[in-house]
Amino acid sequence: MAMPFARRDIEAAGAGAGPGNDDSPAAKKGKPELPGARPALTRSEAFAFAAVLALFTAGIFCVFLTAPRGEFGQILRLPRSLADVRLLKDNLAVYARDYQANFILGYCSIYIFMQTFMIPGTIFMSLLAGALFGVIKGGILVVFTATAGASSCYFVSKLIGRPLVSWLWPEKLRYFQSEIAKRKEKLLNYMLFLRITPTLPNTFINMASPIVDIPFHIFFAATLVGLIPASYITVKAGRALGDLKSVRELYDFKTLVVLFLIGSVAVVPTILKRKRTYE
């Protein structure tokens, strides 16, 4: 989800701003040009963005309308650790059962808000969904909210995110742009691979995708399907919250290997096509 500013990325951005560095032919050689300015949102994208904002507003309103007045401090808080998740589970269990529709709307709103504006902690929200609703219902909830939040982040980045992404991740952005250019015909396969595996941070993918001209329908489909494995792992861990000592236990070596194997299936068609071309 959100990731801290990488020091080498910021240094690279500062170095790129030096006199003559990027303007010289040697500096430009071998570096793909970043895409030019994109137009505003299309009508369908604007409608989707408005729907996400409406969901967020409605969810927060429902929480304030139905939550017990004396328990706002216990209910309306963002989990920052496993201890916070356990506390929220205890405080929210009765409320989530008695006001399930309102709670789900509020949960979706907070999750989407955090995802849209790169606020750390969505992994704890996923654990909370598993703890309160179980693997199947919690998994569906997490995949839906994560996809909606990623889509909202995509729209925001398309409108105002270009300077921020270019400053935070200049090297990653150039690499991402070059990889996308190589895989135009099988872009969905490549995006699925990125979503399933931890090759690139999800926050970077959300922010950079509109800048490198990835169509929204491909971004949406890859996000919806690609987040299922990781969401299942996290939600399932939420069912055994008492046994979990650290978030790092969620993605041990064995789990990472499994994710890479699943992600590799998505790029098999591209590999086979290249092989036939060379033959």
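If you go along the chain as it appears here, the first residue is 1 and each next one adds 1.
Glycine residues also receive a Cβ, built from the backbone N, Cα and C atoms like all the rest.
According to TrEMBL:
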- 11-35: region 'Disordered' (REGION)
- 46-67: transmembrane segment (TRANSMEM)
- 104-129: transmembrane segment (TRANSMEM)
- 119-239: domain 'VTT' (DOMAIN)
- 135-156: transmembrane segment (TRANSMEM)
- 214-235: transmembrane segment (TRANSMEM)
- 256-272: transmembrane segment (TRANSMEM)
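Here the transmembrane segment (104-129) has Cβ contacts under 8 Å with residues 1-2, 52, 55-60, 62-63, 78-82, 84-85, 88-89, 92, 138-139, 141-142, 144-146, 148-150, 152-153, 156, 203, 206-207, 231, 234-235, 237-238, 241, 244, 247, 250 of the same chain, all six or more residues outside its ends.
Confidence in the domain 'VTT' (119-239), given as mean pLDDT, stands at 92.
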